[in-house]
Amino acid sequence: MSNEGTNTVLKNPGSNQEEADPDSPSSLGDKSKLDELADSTSDGSQANSGRGIAFWAIFISLSVTGFLSSMEGGIMSTALPAVSRAVNAESDYVWIINVYFLTSAAFQPLYGQLADIWGRRWPMLSAVTIFAAGSAICGAANNSGTLIGGRAIQGLGAAGINTLVELILCDLLPLRERGQFMGLLFLFIVVGSVLGPMLGGIIVDKTSWRWIFFINLPICALCFGLLFFALNLKHRRDDNSTSLQKLKKIDFVGVLILCVAVTLLIYALTYGGGAKYAWSHPVIITTLVLGIFGHGLFIAFEASPWCSNPTTPLTLFQNRTSVAAYTLEAVQILVSWGALYFLPLYFQSVLALTPSRSGVLILAFSISYCLSAAIGGGLVTKLGKYRLVHIISFAIMTIMMGVFTILNRNSSLAVNVILGLIAGVGVGLPNASILTAVQASLPDSLNAASTALFAFIRSLATVFAVTIPAAIFNSRFDDLLSTSALDNDVKNSLDLGKAYQQASPDFLHSFPAPVQDQIVGLYELSLKLVWQVLIGIAAVGVIASLLEKDLECRTEQTTEEFGLKDRDEKAPKKSEV
């Protein structure tokens, strides 16, 4: 058994003093309480084998809520053209998507803090209510400004949902058992992500686009009802504080800095490298630099004496295991979403498959991804270890991105299906256990802050996962296009980022065979560079997983502040809400 368990204490050679392992939660939290768990967590014998009705009621309500948020995240992908035309969005159409990601990312750390101050129940119910209000505004919108405003409110609600669903599950389960339930929760989220685009297309074709948003209202009502009755959770932190005292503890300045920084970054990534601005344009350079500086300023403020109650305490970064695990989450999102967006581009531009056939092929990757996440979470629960799972997973990712570089127009459909299945295993296996690695080195009292930061990194990485490969692809394609022998009319239809939009068999078949061959060759070479960049990103994941310590997964909670309320506990007083 490794000596790097939750209660590890390292002795300094040549000294009688004991030095706490910085990766051990006992060095960061309640040491005496954690030390009492040393023997009980070593063999996992105290892991609970069964769960009561109260737990399953909460788990089902969280799963339905997670399904709702993930479905909304994808439903606009197929409906955006129709919605944009209906509200005359014109060039503002991109913000119908991006403002949702902006607010859902920027406010996640705030929800973690609110959950610590007010408990989990009311922030969660508020998030569902805000999401429903945003959906209603979007559905009733008659212009792009109202629609974008509604989407911003939707994202504000989604920020709470995405953070608190995982956080509440962490409160209910000891560390060792979280992986398998996170895997099950992920199944609901993936189903929502898969159904979202399909449902968006059906609604636009068969009914009014407004039902893309109005359909959320009955689901929100169901979620609110389930959560209202199921979330019978305790909260014993600051019970005697008044509402005004609690408000004063919110890190408003930090949240404002983060919102501005995220907005600047997303603006630069949205407009850079397109028809409006080149990457070298002063506007893009300025917003990008200010966005990066803003994130640095946010970290500096959180560590400063002016921030007495930070949304993101630097304690989260004071050991290598949590830092490595946060890095793994960013890498996993960058690689998985990069593959999810650019494999269909390969299918449609190089293999000249229709969007429907492309969708069928990508199912191999998606299904493997989904099932592997559940299996990976179960493995970590069974073994009580996560490091080996992560090393194997990120090694598979790196190898598969390398294999993708040799894909070309002659690759068979069977080969593509098999490669998709293997790649799905690589990106799926670690999905439900990376948060476990983060929290293995931290006390359970930091669950809210660590989960909120985890969700924020995931959301921001999702934006980068599309924009970074797209910028690389467009830049490479434009360079190759400028030196090709294609005539100017063909070049004008493909330059300045239009190659991604034109990736379809209909576009290819509109040209003579020799021209088709040249265009396909440009796509092959441009995609090859994307896969090569993803190789490097995945390799960072291998290095980060090697830097992790394989800390013991605790089989008992180390805090009694949160979790299921005991039967004999009274309902909270109004002052506690």
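Backbone N, Cα and C atoms are what each Cβ position is placed from, and that goes for glycine too.
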N-linked glycosylation site according to Swiss-Prot, picked from N240, N431
N240
Candidates N142, N319; Swiss-Prot annotation N-linked glycosylation site sits on N319
Rounded Cα separation (Å) that holds between N240 (N-linked glycosylation site) and N319 (N-linked glycosylation site)
33
N319 (N-linked glycosylation site) versus N410 (N-linked glycosylation site) - Cα distance in angstrom:
48
Range from 122-142, 283-303, 333-353, 360-380 with most C-beta pairs under 8 A to the transmembrane segment (94-114)
122-142
Against which stretches of its own chain does the transmembrane segment (155-175) lie, if we need a Cβ under 8 Å and a gap of at least six residues from its ends?
47-48, 55, 58-59, 62, 65-66, 68-69, 72-73, 99-108, 110-112, 115, 120, 123-124, 126-134, 181-182, 185, 231, 233, 435-436, 439-440, 444, 447-448, 451-452, 454-455, 458-459, 553-557, 562-564
Which one of the glycosylation sites (N240, N319, N410) has its C-beta surrounded by the most other C-beta atoms within 10 angstroms?
N319
Honestly, do the transmembrane segment (211-231) and the transmembrane segment (52-72) touch, with at least three Cβ pairs under 8 Å and pairs 6 or more apart in sequence?
yes
